Amino acid sequence: MAGRAAPAAGALLCALLWAAAGGGPGDNPAPGAFGHVYRGAVNISAEQVYAFAYRSEPGQVDAVRVYVNSSSENLRYPVLFVVRQQKGVLSWQVPLIFRGLYQRTYNYQEVSRTLCPSEPTPETRPSDQIIFVDVASMAPFNIAYELLVTRLEHFQLETNKAFNFTASPSQPQYFLYKFPQGVDSVIINVVSDAAYPCSVVSVQDIVCPVYDLDHNVEFNGVYQSMTKQAAITVQRKDFPGEQFFVVFVIKPEDYACGGSVPSSIHGNVNRTWNLQRTKNLQVTIVPSIKKSVYVQAMFFSFLSFLSFYLGSVVVAFVHYISTDMKLTVPPGSVSIAGCGMMTSSHPISASTPEGSSYGAIDESSSSGGRQLSSPEHRPPGSDTDSSVEEESDFDTMPEIESDKNIIRTKVFLYLSDLSRKDRRIVSKKYKIYFWNIITIAVFYALPVIQLVITYQTVVNVTGNQDICYYNFLCAHPLGVLSAFNNILSNVGHMMLGFLFLLIVLRRDILHRRAMEMKDIYTLDYGIPKHFGLFYAMGIALMMEGVLSACYHVCPNYSNFQFDTSFMYMIAGLCMLKLYQTRHPDINASAYSAYASFAVVISLAVLGVVFGKNDMWFWVVFSMIHVLASLALSTQIYYMGRFKIDVGMFRRAVMVLYTDCIQQCSRPMYMDRMVLLIVGNLVNWSFAIFGLVYRPRDFASYILGIFICNLLLYLAFYIIMKLRSSEKILPIPMFCIVATAVVWAAALYFFFQTLSSWEETPAESREKNRPCILLGFFDDHDVWHFLSAAALFFSFLVLLTLDDDLDTVRRDKIPVF
């Protein structure tokens with residue numbers, strides 16, 4: 001009896017509410033019961049109206065789900081369902097039609113929708129609610145249908161509690177979540193065992209209607225596509241009502257998630273899809289980090305790199321105690337900044353060392369000419385700028401134009417042979433590197449910053465989180481930024497870059513001070529001190545941090561070159577500095593070097609656009625790569641005396657014919673030849689690899705070429721240094737070991753792929769991982785920290801590697 005009393009009471013309540021709503025006696029809806037399946041038929045002259053009434057408790061959110069089914073596949077006469085509520089109307093048809101690519105259609109005969117729930121009222125007593133379901137069709141014949149209306153028992157999601165459910169394109173799901181007290185931010189984690197069918201997870205405000213179909217889910221809120229995993233960070237401040245809906249939609253096709261793409265419309269029929277694209281999902285909402293974690297992470301980031309400043313101060317103080325306080329110079333000796341004491345009682349001999357008689361120049365006979373034209377014997381303080389001294393061309397030693405070809409082709413070259421130009425003019429030449437890179441940095445960075453701000457604005461306005469490839473399981477927002485942790489972790493590059501500038505500035509000041517105190521210009525000792533390239537390297541390291549932070553504002557395929565552009569320049573500047581150490585007179589000018597970097601960056605942009613599928617691009621790039629390697633090898637082998645012009649190929653063929661075919665003789669410069677052969681094999685291997693595999697990440701491919709060439713040259717330099725019986729002092733040895741260790745650790749975290757814009761956003765999210773450091777930083781952030789330290793130590797290696805030569809005469813320092 002109790003079971004029958006409930007429907008009777010519901011029918012009476014429906015009749016009373018219907019009369020109160022103004023319904024006439026002719027309308028007379030059929031009273032409906034929740035959980036009961038109603039079967040019927042409709043046509044053009046017969047429609048059905050069902051009324052479902054329920055009582056809502058105070059402060060409770062009630063959700064109702066409507067399930068309908070029709071056996072008819074007639075698209076011309078669908079069955080129309082209209083659900084009327086107190087504050088809204090929801091309607092759909094069966095078969096429900098979804099459209100995909102190429103106007104393909106997918107028809108579903110089973111549809112299930114959750115009605116927009118009634119808002120909780122402030123009343124202290126229960127309120128009565130009623131729902132009307134209208135079923136109609138314009139068909140001239142009867143069409144059967146089924147109707148089931150149920151009240152959802154598990155509509156509200158709970159914190160830290162997993163909830164499992166099933167969804168399909170015609171049966172989307174959404175649930176309510178309310179922020180608990182003391183929680184300002186939560187992460188919605190959604191997982192599935194199956195990658196397909198492709199799905200969409202959306203977070204929408206408590207507003208009716210709820211957009212829960214494939215064609216409208218992107219109209220409101222924040223959304224992500226999903227295969228096996230999705231994560232959305234939601235903040236309380238973005239929802240004034242402190243609650244939101246989590247919507248789950250299954251797409252009719254999988255191409256958006258990386259699945260197969262329909263070839264064409266041909267062969268497509270009005271196929272019915274019922275339960276063939278269902279997906280089991282699990283959602284868990286967990287609290288995100290608190291504000292105190294942000295503060296801890298910022299303190300950790302800055303204090304970690306301030307420790308490098310402290311260590312540098314300690315080293316500088318120790319160096320000051322051991323060296324710089326020796327201000328009393330014994331008679332007959334002179335102090336050189338950073339290299340202790342050096343006796344000058346022995347006359348400086350510029351004679352050619354034994355074993356290098358070929359092309360030798362007796363400097364005793366030519367020293368007079370050098371003294372007359374060189375400013376090296378001017379009194380201290382006369383190092384002033386003059387337009388006459390500015391570099392007008394690559395070569396600034398016209399007085400020895402007749403003999404430098406002979407000098408540079410000696411079998412055994414020494415540093416004195418390649419450091420004959422005016423020191424002040426050469427220093428100004430290398431300072432151009434510093435001023436040019438500052439100009440490049442400003443003009444490059446400002447448009448980049450403007451562009452990424454636009455990207456972030458688009459993400460925030462549209463809610464489309466498929467635009468940016470974050471690690472969504474560890475993306476902590478701050479203000480308008482979606483992943484502040486990825487930006488904060490780049491502070492190391494900026495701080496260590498500035499520290500390196502300070503270290504270089506200190507060395508520069510000490511060197512200038514030594515020059516002013518003593519007539520050091522008469523001494524040809526040690527590696528010539530030119531700091532312009534070091535300053536440029538420091539600026540490049542700082543700009544790498546700025547541009548990497550810009551890239552991580554919204555990382556994607558289009559702006560990845562922002563993260564790598566200054567990496568190219570860092571690698572190139574390091575190679576130039578390494579070469580300049582023992583070839584100060586013949587190193588490339590700043591204009592030609594930066595022009596070469598511009599060509600590389602242009603090729604990187606072309607690779608982003610055409611490198612994915614176009615074979616012609618890889619053929620052209622590989623040819624450019626091989627020819628550039630050969631041209632650069634020729635320049636290095638002949639010490640810049642092989643002219644690159646129209647006749648270069650003819651001269652190269654003649655050299656190969658005379659030296660390799662006509663008479664196969666031993667190379668004159670064996671060490672250089674070995675380096676260049678290995679280097680060309682490495683570069684040709686890169687060219688063949690690119691031509692065969694055509695990697696999609698073209699920017700990283702070019703960066704790999706630069707890094708391999710730099711490591712090869714550095715290894716060659718150190719080996720040749722040890723072969724020449726030169727020493728490696730404790731500080732550069734420590735820097736070399738630290739560089740190797742930190743780079744090894746950094747590369748480990750670099751290859752922990754957390755996202756990949758080479759794939760679709762949904763596939764990229766499958767690689768997302770939780771934070772590993774302080775609950776704030778992920779693996780890629782640790783890579784940022786370690787790579788900044790590794791680059792800093794690498795720069796120190798180049799800065800200190802030849803400190804052991806400060807007391808060695810230049811005519812005793814070999815060139816390699």
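Here the Cβ of each residue, glycine as well, is placed from N, Cα and C on the backbone.
The signal peptide annotation in TrEMBL covers 1-23. For 293-318, 433-453, 487-505, 533-554, 560-579, 591-610, 616-640, 673-692, 698-719, 731-751, 782-801, the entry in TrEMBL reads transmembrane segment. The region 'Disordered' annotation in TrEMBL covers 347-396. If you look up TrEMBL, you'll see 364-374 marked as compositional bias 'Low complexity'. Under the heading compositional bias 'Acidic residues', TrEMBL lists 386-396.
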Six or more residues beyond either end and a Cβ under 8 Å away: which residues meet both conditions relative to the transmembrane segment (560-579)?
433, 437, 441, 444, 448, 452, 533-534, 536-537, 540-541, 543-544, 547-548, 550-552, 587-588, 593, 596-597, 600-601, 604-605, 608, 636, 697, 699-700, 702-703, 706-707, 709-710, 713-714, 717, 757, 791, 794-795, 798
With the transmembrane segment (487-505) as the reference, find which of 293-318, 616-640, 698-719, 782-801 contributes the most Cβ pairs under 8 Å.
782-801
Two-stretch contact, the transmembrane segment (293-318) and the transmembrane segment (782-801), at least three Cβ pairs under 8 Å:
yes
Taking residues 6+ outside the transmembrane segment (591-610), which of them lie with a CB under 8 Å of any CB in it?
432-433, 436-437, 440, 557-558, 560-561, 564-565, 568-569, 572-573, 576, 616-617, 621, 624, 698-699, 701-702
Determine which recorded stretch among 433-453, 616-640, 673-692, 698-719, 731-751 has the most C-beta pairs below 8 angstroms with the transmembrane segment (782-801).
731-751
Could you give the residue numbers and ranges of same-chain residues that sit at least 6 residues beyond the transmembrane segment (433-453) on either side and whose C-beta is under 8 angstroms from one of its C-beta atoms?
532-533, 535-536, 539-540, 543, 546-547, 550-551, 553-554, 559, 562, 565-566, 569, 573, 590-591, 593-594
In the same chain, which residue numbers or ranges, 6 or more beyond the ends of the transmembrane segment (731-751), come under 8 angstroms Cβ to Cβ?
315, 718, 779-780, 782-783, 786-787, 789-790, 793-794, 796-797, 800-801, 803
